[in-house]
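Swiss-Prot lists CYS35-CYS132, CYS69-CYS166, CYS185-CYS192 with the feature disulfide bond. The signal peptide annotation in Swiss-Prot covers 1-19.
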Amino acid sequence: MLLLLLPLLLAAVLTRTQADPVPRATRLPVEAKDCHIAQFKSLSPKELQAFKKAKGAIEKRLLEKDMRCSSHLISRAWDLKQLQVQERPKALQAEVALTLKVWENINDSALTTILGQPLHTLSHIHSQLQTCTQLQATAEPKPPSRRLSRWLHRLQEAQSKETPGCLEDSVTSNLFQLLLRDLKCVASGDQCV
């Protein structure tokens with residue numbers, strides 16, 4: 001009889017104390033299956049071609065405007081590998097969000113069709129990054145490192161200091177670094193060294 005009551009008593013004690021049978025840090029939330037960032041290790045040739053066409057059209061438009069920008073917001077020296085693996089999705093999410101925001105605000109009817117597919121792809125990537133970073137924050141909340149904080153602050157600050165044309169130039173110049181290097185690195189997780 002005591003053997004039958006022991007599991008019930010143990011369950012009652014664990015429930016009453018709100019103890020977890022497995023430590024939280026090792027358990028993934030149920031929604032974790034919704035994080036599918038690994039699918040972006042490489043984009044399809046069709047998607048890359050659409051981005052190449054959009055980049056070319058935007059660069060041509062900027063040249064016609066004779067845009068002069070003193071610096072690039074997103075430095076070529078910036079490398080996500082400098083961050084801890086778990087911080088990389090947050091940094092990439094900020095880059096993708098900025099690219100989306102800038103490209104969505106381009107008011108040129110000639111570019112509407114050209115930007116359609118790239119904007120759709122960037123939106124999909126951004127939504128996956130949001131899901132992954134939210135799940136990660138829930139599973140293991142940690143404050144961001146100083147390096148990540150500085151980078152995120154710099155991106156935020158540039159949005160208020162830079163002209164729309166220079167922001168456009170910067171995110172467009174950084175596009176293939178974002179798609180081919182940064183996205184692949186985040187999608188590869190701890191295999192990106």
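Each Cβ is built from the backbone N, Cα and C atoms, and glycine gets one as well.
Feature map: Swiss-Prot annotations on the structure.
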residue : record         : Cβ within 10 Å
CYS35   : disulfide bond : 19
CYS69   : disulfide bond : 16
CYS132  : disulfide bond : 21
CYS166  : disulfide bond : 20
CYS185  : disulfide bond : 20
CYS192  : disulfide bond : 16
Nearest of the disulfide-bonded residues (CYS69, CYS166, CYS185, CYS192) to CYS35 (disulfide bond), judged by Cα-Cα distance: CYS185
Cα-to-Cα gap, CYS69 (disulfide bond) vs CYS185 (disulfide bond), nearest whole Å: 29
